[in-house]
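Written out below as structure tokens is the structure these notes cover.
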Amino acid sequence: MWSTRTRNWFLAPTVLTLLVIGIFPLLFALNISLRQYQITNPGLGFGWNNFANYVTVLSDSYFWGSLGRTFFFLALTLPVQFILGLLIALILHRQEWPFLRAVARVALVIPLATTPAVVGLIGRLMFDSDFGLANWIVTLFGAGKISFLGDPNLALFSLAVMDTWQWTPFFALVLLASLTAVPQDAVEAATLETTRRWDLFRYVEWPYLLPGLTAVLILRTADTMKLFDLIFVMTRGGPGTATELISVYTQRIGFRVFDQGVAAAMAILSLIVTIILARWYIRIFYREAE
Amino acid sequence: MRLWRFLATLGLTAWFAGVATAQQWSLAEAAKPYAGTTIKAIFLDRPGYKAAAKLIPEFEKITGIKVTNEVIPYENTREKIVLDMTAQGGDYDVVLVDVVWIGEFASNGWLVPMEKFYNDPKLADPALNLKGFFPILLDSFGTWDKKIYGLPFDNYAGLLFYNKCMLEKAGFKRPPATWDELLKVYAPKLTDPKQGIYAFALQSRRGETQSADSFMRMLWPFGGSLIDPKTFEPNLLSPGSQKGLQFRQDLMKYMPPGIVDYDHNEAVNALAQGKVAMITEWSAFNGTLTDPKSSKIVNCLGVSTEPAGPAGIKGALGGFSYGVNAYSPPERQAAAWLFIQWITSEAKAKDYIRAGGVSARMSAYKDPAIQKAYPFTVPMVKAWEQGNPIFRPRFPEWPAISEIIAQIGTEMMLGKVSVKDGAAQINAKVKEILSKAGYYDGKKPKLQ
């Protein structure tokens, strides 16, 4: 209908935008990750420094510590969010209670639409050691007051709770959409074969969930790798380094110490980790779907 | 005789000339070339800035210069300024300079040396009187390598705020004079964990709060220091430093659990709600504690200098000066100077205090009316008169060191690392940062 040239013109704005806001910053980061780049200390110059930034990062025990903590946080949040999200999706997928379903769908969007910084503020209030909701629940069970955000173990757990509150609906909505894509005749045929709900789920619905699930896992992993605002507001990475995930550490080096070369090297390494994890999810889950 | 007469005439003429120029100089006249200019100042969400906002309309009316502001959370302020400066954007004309940033900003040439303005008769108010500032504040917040880059604007001293009623109930008629007394005599009697009542709260949240308000505060009174002032060698393993850090651990028994998550607000609120008997906090929080809206202890509030250690009081010192951005266009620079000169002037000092600010002008605090209306200024002035100008090193490397202390300092409080091991770890990192900067091989003069 249109010539290739016309079509290219229509595509150009998108490609251009992508270049400006995606590709250029990436190349810029790659560039400065290979340079001495301490902007508060211009006297040192901005020359190439033979991968010194990468050597610094890879031999930095705090970097590995924060990366390990990030993985731990992923392992803590993703399964819970997936299972809760799946349960919600399955409940909402039933044909009964149309009104409740409509309300629930709207309610699910609210946490997603909340700014992470605000979620962090809510978290600070909920886990406050004096008048927080969490402590009220604890005292209901007769236990003494607990300082959730002041205890290194509980602080990360508290963050995981807030993250789960915010992102479980995302799992639920995507899985729900996938469930509606299951062809009705396949379900009907299957119900003739078996009366067990589990079989129906495992052999008919599950394969349809996998593409969506893979996408959500990739997005959530990338989100967690760059999870910053929630943590900064709730604990600022403390107490000690208990909640210092990789993004918080990168920000600390980049905008507190202002060694942007080293921070850029960390960001590039985080990107590589994210890509590896994404490939891994695709291999495990997507393969199964095919 | 003739010579005498000649000299006298000469002197008299000079004196008249001086009076004449003094009469000639007026803010309105000086600002004429800059009327209509708009300058932007950096504000924090603190009482001193709200006070300035109340006074600014008067300045705008006299000069025709418009002063806008941008309120930035303290934790992000340096980041914003550094990014603006490295981009040479000149976004902020009136630059807020924390005592610990002056070295970085001045040595990078981001601020205009103030001599450019105060030596310019067109711009300098003859009543400027730089000697009228508390010397420690002008030296510490505004001066780097013997040059003035900023005039002290928002000024703090660490003070002991305490709940008189709680102390009296426990049988104490006066606040503790020494840290030792606080720990051994006062703390056990004022702590009742079952009721959730604690003797003391030391704000220790990770960040500048941990490094400055918690960690550094406990070093100096016990004879310790972060680095040796002469050799710049890390000094945390010295007996004095170790004693101070160990003292902090011992005192934690009498602090609320989760103290490592307490920021200024949490500590001040704990005192204001009657849950804690004593805190050492910045003088600026006096407003929160005397306001019935935010404090239950308005009638019980007592203020004194921080307790002394074996090495004396050596309380916390902090505050901000206002400097002029070197990348702003010249007319905005001049307008910014006129504003800074005016807001920190002796003439405006009492207005500024009454509006809720804390002036750096000595003369204002000699007024008995001010002393009576603002009792906290009395111990504050005392603290400044015997203050410690290098409470925190002001060199450009401090932010990196502060990050290290913030992290290992909290881990130390949590018992994840021993006082000795933690101090050794910080020492090693400090040595690394300072040698990279070139202090040990003579590449950089040892200024702090």
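Here the Cβ of each residue, glycine as well, is placed from N, Cα and C on the backbone.
TrEMBL labels come from automatic prediction, so no person has curated them.
Panel annotation: around the transmembrane segment (A:9-34), residues 2, 48-49, 51, 53-54, 260-261, 264-265, 267-268, 271 of the same chain, lying at least six beyond its termini, place a Cβ under 8 Å from a Cβ of the stretch. Taken from TrEMBL, the feature transmembrane segment applies to A:9-34 (among others).
The feature domain 'ABC transmembrane type-1' is assigned by TrEMBL to A:67-281.
Residues of the same chain lying 6 or more positions beyond the ends of the transmembrane segment (A:71-92) and with a Cβ under 8 Å from any Cβ of it are 101, 104-105, 108, 156-157, 159-160, 163-164, 167-176, 178-179, 201, 209, 213, 217, 220-221, 224, 227, 245. The transmembrane segment annotation in TrEMBL covers A:71-92 (among others).
Residues or ranges marked as transmembrane segment in TrEMBL: A:104-127 (among others). Outside the transmembrane segment (A:104-127), and at least 6 residues removed from its termini, the chain residues within Cβ reach (under 8 Å) are 88, 92, 133-135, 148-149, 158-159, 161-162, 165-170, 172-173, 176, 227, 229-234.
Long-range contacts of the transmembrane segment (A:164-182) within its own chain (CB-CB distance under 8 A, at least 6 residues past either end) are made by residues 77, 80-82, 84-86, 88-90, 92-93, 105, 108-112, 114, 116, 119, 204-205, 208-209, 211-213, 215-216, 219-220, 223, 230. Residues or ranges marked as transmembrane segment in TrEMBL: A:164-182 (among others).
The transmembrane segment annotation in TrEMBL covers A:203-222 (among others).
Summarising the annotation, TrEMBL assigns transmembrane segment to A:262-282 (among others).
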